[in-house]
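The structure appears right after this line, and notes come after that.
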Amino acid sequence: MNVQPCSRCGYGVYPAEKISCIDQIWHKACFHCEVCKMMLSVNNFVSHQKKPYCHAHNPKNNTFTSVYHTPLNLNVRTFPEAISGIHDQEDGEQCKSVFHWDMKSKDKEGAPNRQPLANERAYWTGYGEGNAWCPGALPDPEIVRMVEARKSLGEEYTEDYEQPRGKGSFPAMITPAYQRAKKANQLASQVEYKRGHDERISRFSTVVDTPELLRSKAGAQLQSDVRYTEDYEQQRGKGSFPAMITPAYQIAKRANELASDVRYHQQYQKEMRGMAGPAIGAEGILTRECADQYGQGYPEEYEEHRGKGSFPAMITPAYQNAKKAHELASDIKYRQDFNKMKGAAHYHSLPAQDNLVLKQAQSVNKLVSEVEYKKDLESSRGHSINYCETPQFRNVSKISKFTSDNKYKENYQNHMRGRYEGVGMDRRTLHAMKVGSLASNVAYKADYKHDIVDYNYPATLTPSYQTAMKLVPLKDANYRQSIDKLKYSSVTDTPQIVQAKINAQQLSHVNYRADYEKNKLNYTLPQDVPQLVKAKTNAKLFSEVKYKEGWEKTKGKGFEMKLDAMSLLAAKASGELASNIKYKEEYEKTKGKAMGTADSRLLHSLQIAKMSSEVEYKKGFEESKTRFHLPMDMVNIRHAKKAQTLASDLDYRKKLHEYTVLPEDMKTQWAKKAYGLQSELQYKADLAWMKGVGWLTEGSLNLEQAKKAGQLVSEKNYRQRVDELKFTSVTDSSQMEHAKKSQELQSGVAYKAGNEQSVHQYTISKDEPLFLQARANAANLSEKLYKSSWENQKAKGFELRLDSLTFLAAKAKRDLASEVKYKEDYERSRGKLIGAKDVQGDSQMSHSLQMSKLQSELEYKKGFEDTKSQCHVSLDMVHLVHARKAQHLATDVGYKTAEHHFTALPTDMKVEWAKKAYGLQSDNQYRADVKWMKGMGWVATGSLNVEQAKKAGELISEKKYRQHPDALKFTSIKDTPEMVQARISYTQAVDRLYREQGENIKHHYTPTADLPEVLLAKLNAMNISETRYKESWSKLRDGGYKLRLDALPFQAAKASGEIISDYKYKEAFEKMKGQMLGSRSLEDDISLAHSVYATSLQSDVNYKKGFEHSKAQFHLPLDMAALVHAKKAQTLASNQDYKHPLPQYTSLAEDLRLSCAKKAHKLQSENLYRSDLNFMRGVACVIPGTLEIEGRKKASELISESKYRQHPHSFKYTAVTDTPNLLHAKFSNQITNERLYKAAGEDARHEYTMTLGLPEFIRAKTNAANLSDARYKESWRNLRAQGYKLTIEALPFQAARASGDIASDFLYRHDFVKERGKLIGPQSVRDDPRIQHCRRMGQLQSELQYRRGATSSQAQFHLPMDMVHLVHAKNAQALASDHDYRTQYHKFTALPEDLKMAWAKKAHALQSELRYKSDLIGMKGIGWLALRSPQMESAKKAGELISETKYRKKPDSIKFTTVVDSPDLVHAKNSYMHCNERMYRSGDAESLHRYTLIPDHPDFTRARLNALHLSDKVYRNSWEQTRAGSYDFRLDAIPFQTARASREIASDFRYKEAFLRDRGLQIGYRSVDDDPRMKHFLNVGRLQSDNEYKKDFAKSRSQFHSSTDQPGLLQAKRSQQLASDVHYRQPLPQPTCDPEQLGLRHAQKAHQLQSDVKYKSDLNLTRGVGWTPPGSYKVEMARRAAELANARGLGLQGAYRGAEAVEAGDHQSGEVNPDATEILHVKKKKALLL
């Protein structure tokens, strides 16, 4: 059925609602008046320009009487005068010869379409911004009233008002062109387009839009070629001529102003209301408006330029008008005026009478109000007026002269046209003139019929065609098509693709070598070019033959190696150290000596083992098991204990009771040290505060300041022992660099060797900078000048007493370092270690005894026996004391201030030693000792004395001797031959330098034409050539081919289209729908009958029924059921039936599933598939890649069911081999290929002739001399012949002797045996408070002791049994409490330095999967790095360094072998010889006068810069200038305040002071009743009290019912709570805690610090930060930039150094250290910047 679209709405019109009028098809509902929207019929419509109107609104009947002073008439008059009047036409016609501008440009055509969208967007933007600052004050009653009035009027009224409003003499509002443009704007509007879309979707689409469908639609719009090119075409032709001043823009803007309701009423209110007068008034108003609009100076300037032919476009009326329109449309200008006008009304709510805005809104409402409108109508209804005499009629007649198109054209034809139309004008000029006259949109559309005859105006540009084209996508066929039909089109001219093409051309090796290929045959390379000579020399250096030749010569000379050489002895010693056999041998020797004394601790361990022994336990059990009076609740407690130990994590972590180790054992201390070094937690603890802090460049000012501040406030550094402070010499500090440089300058050998030859051959000018610098250096290094200044200083005199600080400090340091002094003090103070006559004299022991008595059950029972007969005892005192003690044990404060628990003698050696250690650790005292050295001279590093002193210090260092081998860290020395060679290799491997060198060489080099590389390059050029590629394609394309409609690709595409088509699918589905169940009843359907029968067979009820019937009959073959079951099982398990399931039941032939299965089997059938190919047998071979083959491949891929159905994860990534990246990688591989490089070197090696006098040749000779073994031994003999004096008292001998004693195992054991008896201080077990305490605790915890006490007291009825429950509750609380979990050392007595304890902590930290992976969370989503890149190599190296596997491997598995003749070492030696300054200068002296260096040579320039950088004079001058700048450092400066505050924080005195203040706040109650905790404990004690329980039991035992709170149930509940993981993890709500308690605050703070959520909350701001797809344009650009930066030697440090220097300069001066807050602010800023 042919359904035609409606002329108004565009939808299809069916016969029932069809009207055919005005040569068009309409819906009945759409056939309405254009003005009032009244429904029309065939009989009552009036046609005007093919649009229907009612009789009342017929545009032809101009019967409406217009009021003369309406704003519309004034606008009508102003509009033709200002924009399209006669004067402007004259100006335009005069300017036509000067300016030629095509009015049909893309800008003009696009402007009307864009204008409504742009206005709408700008309007809503302005509305949103204006909304933002409106105050939220209370609404005024007037405002509320007006809002309601506006709502009642509504938008429909204003729409109806808009259309009849313009029914005056100006027909712009009702012209067909205006209505058509308005309709086109509505159609083009995205809002109008989308309105009703959801309803239409629900009506016409069966499937709701899924997210995938919506996403694909959005993607299709993004990928749409039409959308993309449409925007691009609109913007493509724009140059520097702004769209704001085009006539189309002016017309559209003016039309918007005319159509604007607000503008209409504003203009009317401001100018016209209340005025009445003749036409002169209108003229005056017009003149005034023109004067206001264009200014006074415009006519004068216009008259000046009027007669001139060419005048600037800046003063044309069109330009002025456009400028004014631009200002009106400009958002910036609008906001400027708006901000000026913004007054109090915007920020305060005035009453309605005072608010000007409200007054204006009220007046507008009155105008819009229908009541006001009808009032005037009622008042004027009864008057009769002669229309011809009214001023309005005269005004209209006057206006009609100006608005008449005939009059306008008459003036134009009479006055203007004859000036320009003549013989000399060609058609282009006439066309330009005609285009200029079409500036008015109204005149343009009125004159459209004339233009279409004269000029070729294409139909595709008409509004109706554009509208129809916009409606094409809305058609049902296009709208309902499947997504799969939309094909992806690659837009070839997108900026990204264009940029990629440019990049590919830039990266193209062919383009790169194109110029070279043209010019390479035009150069002749001389034989003596330095580069050529250097290449030959390099070829010799890299020659394998030469290399082996030198090695053979060296090998044949031999060398002398004695058995007592230092290297052999060191190797033996290291081998013994690393030897597993030696290690085990020493271990076996010392194994029996570890427990060589009757140690009281061992006895204690044996005693504890007996107590915990099962045998001992059973002995006691055998004795007591026959007694009936055992309290039954003991079993429950025992069970609860066992359950708690099983469920508790604490016992899992406390494995330390298994054995006892001596704390002074050497192995224990050594293990402690090793574990401290290995501790991952301690290592990472220093870095915890840096979590989340941004990345900073190493070495920057802020980073160094932050490091220093971190060291100052570090608790670890403050508390650490003296021997852990390491002295590290900063190798790259200015002092060290200066010292190195001075050493080189002072070296007489190097100085004379380099200058000896040039002294007599060179004349230097006196004012040469180097000469002046040498003089200055000589003055600086002059011994005489140095001593003269010293003598001058000495003459002034100074006083140095024997009691000065420096002497005293030196003495003190000597005494500290002296072993004799140390042992002397130790011997003196050895007897003072205990310092108490008896236990009562020692406060600590007394306190321990008192604690043991308090905790002792026996003591408690003794006291109870004394007081049990007294009724008035206050039991809460015991609880109070116990609670205090428990609080002390549980609180963290008491843990940290442990030194308050005992009183130490002031003469105690430990106290003195601690004071001395703290004094040494004090940073202030440490720096005070160094202050006197400021300004002192320096010692040249590398001199003999310094090296001897260093070596001696290392040999006698106890710390270095005792440290673990794994603690030795690798330090890279920057100026080693390896590092220098690495730098040289890096510069050689840099692509940029390589290409620069290649560019230099390639113009002097003539390669042979048949080289393999050249042939390969040509082949590659042919392969990569786009021209060759397109040429072959063009040839193939020109050959032509025949493709019929019945060809395979077409048929396959049709079939695939039908398969994919949703419509076809549904059509087939509808056809087959009635055939699915083709039976009249269930019995007729074989499938259903089979299912019912199978169900009945499987039914247990039916089975049993049949069994009941047949069980009495003997002849039933019982094996039938099993047989059927086996068959069924076989069919289920059989693979054959699985593949061919159809024959098992009978199906209808027209069943949909059956036909689908047949189709599937046909597709899967191998025989059918191959039978199709039988007709092709004997057909000739088809070349792969032809059009037919590719077409068939594509068709088979399209119809492939497996590919269509496959999972997205099965798609594999395929690399395109001809991408620029892969081509670049291939070429880079060829360039960096060592084999090809050497092959090219071998070919080129025999074609060079070396000149003998070249500097490189001379340097090679010098290098050969330097590498010569004969020369080396000769110089050694000469040096040895000079001799030197080395006495026995020399420092090295003394150091060696001392180190021999230290390293001696015999002396070590001798000292150990001497000291062995001094390890345990007390004479017996009773003198050792620790062991006494352990014994006491063992007795308390002993089951035997407990049972003895129970036996002695079980017959007494008055014993309060609730104490057992209270102890149990305390223990359970302690186990469940997280507090006690963290401070678990109070529950048992364990040696804190126990090896197992530290090892268990380490093992748990290592086993924690969460902690391990939490460090890696920050790395999620980070991209990959190319292999062999510097970052990847450094990461590998770091991984090897921190590798746990490599770290933990046995020492004997690490084999160190130095191959003396390895290429690396030989290469390093050669490189070192190359880098040697002395040899370089000595070898260069001969070639100095044979070579002329270009003054601006890069090497020369770089040498000058290096000389400037290394210049001591410049260095000192810059230092003097910096020092002269000075700075102000007051006592109230922020660094001082920060240091003071940090000192107070770290101060132990402040800490104790704060502790003493808070100590009284911990309990803070007058009695037990005020303390909620104690009340809680008492209540718990009463509830758990056995005494109370027995009282109640005695009352209720005669009653049969059992209470729910019986002890068994309570105990089970308690056990469940203890065993429950929930209560274990949430222990905090169980106790009642004082909120002001110090321990609670501390715990809260600790939990906040440990909170993973809070830690990760800092990272939430980075959530949602997008990722960049690999391979995209920006990623490739960034990667290329990184490669270029690496190639130029730029690191990240250089990139960020400037920004950090600026920020550092902003925050503080160069000499003031920042405080902590400033550091945090700077870090936050940098994190934001990064």
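Note: Cβ is positioned from N, Cα and C throughout, glycine not excepted.
Per Swiss-Prot, the features are as follows:
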| type | residues | note |
| --- | --- | --- |
| DOMAIN | 4-64 | domain 'LIM zinc-binding' |
| REPEAT | 156-166 | repeat 'Nebulin 2' |
| REPEAT | 298-307 | repeat 'Nebulin 6' |
| REPEAT | 487-521 | repeat 'Nebulin 11' |
| REPEAT | 627-661 | repeat 'Nebulin 15' |
| REPEAT | 761-795 | repeat 'Nebulin 19' |
| REPEAT | 797-831 | repeat 'Nebulin 20' |
| REPEAT | 870-896 | repeat 'Nebulin 22' |
| REPEAT | 969-1003 | repeat 'Nebulin 25' |
| MOD_RES | Ser1081 | phosphoserine |
| REPEAT | 1113-1139 | repeat 'Nebulin 29' |
| REPEAT | 1144-1178 | repeat 'Nebulin 30' |
| REPEAT | 1429-1449 | repeat 'Nebulin 38' |
| REGION | 1595-1620 | region 'Disordered' |
| COMPBIAS | 1596-1606 | compositional bias 'Polar residues' |
| REPEAT | 1640-1664 | repeat 'Nebulin 44' |
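The domain 'LIM zinc-binding' (4-64): residue composition by secondary structure is 3 helix, 20 strand, 38 coil, according to DSSP. Remote same-chain residues near the repeat 'Nebulin 25' (969-1003) are listed as 516, 519-520, 523, 531, 731-732, 1228, 1231-1232, 1441, 1467-1469, 1471-1472, 1475, 1683-1684, 1686-1689 (criterion: CB distance under 8 Å, separation of at least six residues from the stretch ends). With DSSP classes pooled into helix, strand and coil, the tally for the repeat 'Nebulin 11' (487-521) is 26 helix, 0 strand, 9 coil.
Counted with DSSP, the repeat 'Nebulin 38' (1429-1449) comes out as 18 helix, 0 strand, 3 coil. If you average pLDDT over the repeat 'Nebulin 29' (1113-1139) in this model, you get 62. Helix, strand and coil counts from DSSP across the repeat 'Nebulin 19' (761-795) read 26 helix, 0 strand, 9 coil. Under DSSP, the residues of the repeat 'Nebulin 25' (969-1003) split into helix, strand and coil as follows: 25 helix, 0 strand, 10 coil. When the repeat 'Nebulin 20' (797-831) is classified with DSSP, helix, strand and coil residues number 26 helix, 0 strand, 9 coil.
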